[in-house]
Structures are given as C-alpha cells and as structure tokens.
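Colleague: Dropping the structure in here first, questions after.
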C-alpha cells in the first residue's frame, strides 16, 4: 500500500494512503537511506510503501525516490543533519527585521542550503505593520538585495492580513515548506492562510526577544487549490552539510556567476590574486553581507563545525 507521510512525531509517522486512510506507522527494522547521514531516514513529504500487519500495526518498508529535500543541523547531534521535508515545490522563508530580528547570515545560510538541494525559495517579510521608519527602510534594502539576486520577496502582516491573499495564491497546486526562526509569526501566518487550521502559536520571550518553539515536529496540511503546507519547528541555524569547500560558492548565485572571471579556477575568494568576487564586493556589485555569510560558511567547513547562525 502506498501513501504520503504527513506527520513525523519522532518514532511514529502518520501516513495518508492513496485511498485517503490515515495510518500510524513505524519504520521497519534498521531502515536507513543510502548516502544520507541524518537523524530521521523518513521525512514529511516522502512517498512511501507501507505494510499492514494482521495485528493492526503498520510499517514503512520503502521510500520512493525523492525529487529534493532540505536539511538543517540536528538539534541534539551537532555533526548530523535532520531532514525537514522532502519532495518540495518551494520554500517560504518567513523573516522579521525585528521582534525578533532575523540576521542576514541566517537568511543566506537557508538560501544556500535550499540551492544545494534544488528547492526554490520565496522570502516573506512578516510584521510590516510593527516597524518604524528606519526598520521599514532596512526592510526595503533587503528586498532590493534579494530580489536582484533572484529570490521573490513579499511584504506581509499575518496580524493585519496585508499580503496574505497574495501568498495564498502562491500555494495553489504546490507543496510548500514554511520555515524561519521561532517568533517570526510563521504559525500565525499559516492560520491566516488556512482559516480553521488553528496551528499553535506562542509569545515572544521578553527577556531574549526571541521566539519560543511551538511546532515540535514537521507536519503537512492540505490547503485549498490542491496544495500542501509543511509547518516546521523554529530553526536556529544551518550548517555546511554535504558541501565541499569549493562548492559553497556555487550556492550563492551572484558569487558563482562572478567567479567565472576569477584568475584561478579553484579560487576561494579570500586572498587569491585576480579574484573577481572580491573586486565585485569592493565595487558594491556583490553585497558585503552576502560575502560575509559566504566566508562564515567557509570557516565552518574548515573548523569542521556546524554552527547555528543567529
């Protein structure tokens, strides 16, 4: 029997079979995927084969080939990854310039990870109703930056409804992963997009000005127009999983394009003579914040660490 994994609760997986039945499944035996070192071999969005036993228990016996997936640092094993979701049509990264602030380093690491696994990303700048003039000016500068690179950007307010109808249209016929720091209003936005869903939300910690986690495990919800939303736990950071040092620049589109003009084919864009990327940064053709994010990922790779980006 075939089905779609719609929820992961750690040891159990909820599968929606092709005939619409919801089945609670476990993994059969020491199930592992070849070539993927992760804490969860099965992810929300996976198409799977399940076996129903006479006792009423069910097991996932096989996973169909994935078209893509996206991973983050495992929360408890720093050198292992955790697959957030599989078979995605797009990611929507929810960010805020304050309450709490999403750093450009975090944004860039997420984008690089999505580029590595061939998942298109749209950036949703939430809480636009809450910003002062300086914050709105900064927000506009970020939108200009990321739009020029090629990432669609949207101004929204989950609280007032600004931009929500536009995002709802973007969900039709697509499997969409929603991600972002805790506290950026991701769950509030999902509730606004799909009235009646009632995804749990939380307050911002007044002491740290950071969000408190409300989503514990990834879960998939149907949305009008034959689409699906995948809600994920709030994420603290992304590491350089499965990336070789020389590949990291490939996942920054503007750096990759400019690197064709570097003097050396293996240029890492740090100290090498004739580096077209460093020249482009100096001449403001490439954003200094993006270049700094790139260097931080190189540093992680050199030190063998998987550092959270705040």
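Note: Cβ is positioned from N, Cα and C throughout, glycine not excepted.
The domain 'CP-type G' annotation in Swiss-Prot covers 77-238 and rests on sequence analysis. The GTP binding site annotation in Swiss-Prot covers 126, 127, 128, 129, 180, 181, 182, 183, 184, 185, 186, 187, 188. Residues annotated as Zn(2+) binding site in Swiss-Prot: 262, 267, 269, 275.
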Colleague: For residue 126 (GTP binding site) and residue 269 (Zn(2+) binding site), determine the Cα separation and express it in whole Å.
Modeller: 33
Colleague: Considering only the binding-site residues 262, 267, 269, 275, which residue has the minimal Cα-Cα separation from residue 180 (GTP binding site)?
Modeller: 269
Colleague: Please report how many Å separate the Cα atom of residue 262 (Zn(2+) binding site) from that of residue 128 (GTP binding site), as a whole number.
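Modeller: A Cα-Cα distance of 40 Å.
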Colleague: Within a 10 Å radius around the Cβ, which one of these binding-site residues has the most neighbouring Cβ atoms: 126, 182, 188?
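Modeller: Compared across 126, 182, 188, the most Cβ atoms within 10 Å surround 126.
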Colleague: By Cβ count within 10 Å, point out the most packed of the binding-site residues listed: 186, 269.
Modeller: 186
Colleague: In the structure shown, with every protein chain counted, which of the binding-site residues 128, 180, 267, 275 has the densest set of Cβ atoms within 10 angstroms of its Cβ?
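Modeller: Ranked by Cβ atoms within 10 Å, first place goes to 180.
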Colleague: Could you round the CA separation between residue 186 (GTP binding site) and residue 275 (Zn(2+) binding site) to a whole angstrom and send it over?
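Modeller: Roughly 40 Å, rounded to the nearest whole number.
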Colleague: Fewest other C-beta atoms within 10 angstroms of its own C-beta: which of the binding-site residues 184, 262 fits that?
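Modeller: Counting other Cβ atoms within 10 Å of each of the binding-site residues 184, 262 gives the minimum at 262.
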